[in-house]
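According to TrEMBL, the protein has these features:
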type	residues	note
DISULFID	C76-C404	disulfide bond
DISULFID	C270-C284	disulfide bond
SIGNAL	1-38	signal peptide
Amino acid sequence: KGRPRSASSCGSRAVAAMAPRGEAALLVLLLVLPPASAGLSGYFGTKSRYEEVNPHLVRDPLSLGPGAGGSLPASCAPLQLRAVLRHGTRYPTAGQVRRLGELHARLLRRPAGAAACPAAAALAAWPMWYEESLDGRLAPQGRRDMEQLARRMAARFPALFAARRRLALASSSKHRCLQSGAAFRRGLGPTLDFGGDEVEVEVNDSLMRFFDHCAKFVALVEENDAAMCQVNAFKEGPEMKKVLEKVASALCLPVEELNADLVQVAFLTCSYELAIKNVTSPWCLLFSEEDAKVLEYLNDLKQYWKRGYGYDINSRSSCILFQDIFQHLDKAVEESKSSKPISSPLIVQVGHAETLQPLLALMGYFKDDEPLLANNYAQHTQRKFRSGRIVPYAANLVFVLYHCDHVNASQEEYQVQLLLNEKLLSFHHSNETVSTYADLKDYYKDILENCHFKEECELPKVNITAVDEL
């Protein structure tokens, strides 16, 4: 497979993925370091709790938070809400559990006469409770994430969530998404009729997992090791080397027995324990906040090059979802103009971080002036592209279409607001949190008219040696 042109600066040698080895004596200066998860929790990237972006929910899970109201005139009434959600808190995948199990087993096999090592001993005593059968399934906390999100949305938009309004609920085929959809519906309670006994969750992978259906993305990014060369170069760079040396020292291991992937397993186990069980795991105690920032950047680099701005196809593949959103908004406007009832006032779809991140990149959000590279970590300490702030568990992007009376001009009759994780997003074209629907469509006119999923995602017919398309 050819090396993507835009990744040429980091060279062609990719780091080989190492099989987990027991060197994994991953972790802990339990007796030396203070409890750490509080200092680390802001750096878990896509494995972050939703409460990291909305801290007020720790005190009150149903609070709408500061500035819950919008800046729309009272004469505006919501017509349609379209929400794209990420599933709630999940368990590790089978592969992650397997690797963690192998690391933990190696700690248990340490020779009795080995040098005293509090970190390794503390982790050997940690009970390994994860099983491969959990394989990325929704955790009980994930169900609560969705139920509480549904209740907050209903409180924020009571007119739309009123009884006898139709709710269209769709999901990716993944179990965690289907369960999240069901939990969202449950959160709305038995009092809401929605015109039927039970709302079915429709499976729609063409919209919620568009990336699987995009041959160009799959071949040139998803399955192309060279596309991740910035990620692999950072794994071997000075920042990661420093973290590796520190972990190896804490575990009384030769540094050659560790690699970035093993350290990341330990760090992510810390994140899972916090998100799923709300505990500070002994796995956390190996890492300082500085270490966490380095490991967050490693996670963000992967998101940037695989789901964000690294390659155009990452975001262009999401235009099928973007266009579908606007087709439904258009239909609601037409129905309103004809004085017909809105056929789809509520459309809620559950997907993945990989659903939301490309969509937000397509819309131009969280783009830094300089790309994220293996060699510019220090330059990006204040970067906009922080996946944990954008797509934590239960992340949600919500379009709300309003009809406004008593307006000065006809184009002001239909207005839109955009919320990410329940906070108003400013529109690029105006820097305001309210836009006329006409202005919004005009700003995204090129994507709405000229992004054709089939053509965008088609693999070039010629035999490529260098991936110039990226």
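Counting starts with 1 at the first residue shown.
From the backbone N, Cα and C atoms, a Cβ is placed for every residue, glycine too.
Within its own chain, C76 (disulfide bond) has Y402, H403, C404, D405, Q415 as residues 6 or more apart in sequence whose C-beta sits under 8 angstroms from its own. For C284 (disulfide bond), the count of additional Cβ atoms within 10 Å of its Cβ stands at 26 [all protein chains shown].
Of all Cβ atoms in the protein chains displayed, 17 besides its own lie within 10 Å of the Cβ of C404 (disulfide bond).
Around C270 (disulfide bond), a 10 Å sphere centred on its CB holds 28 further CB atoms from the protein chains shown.
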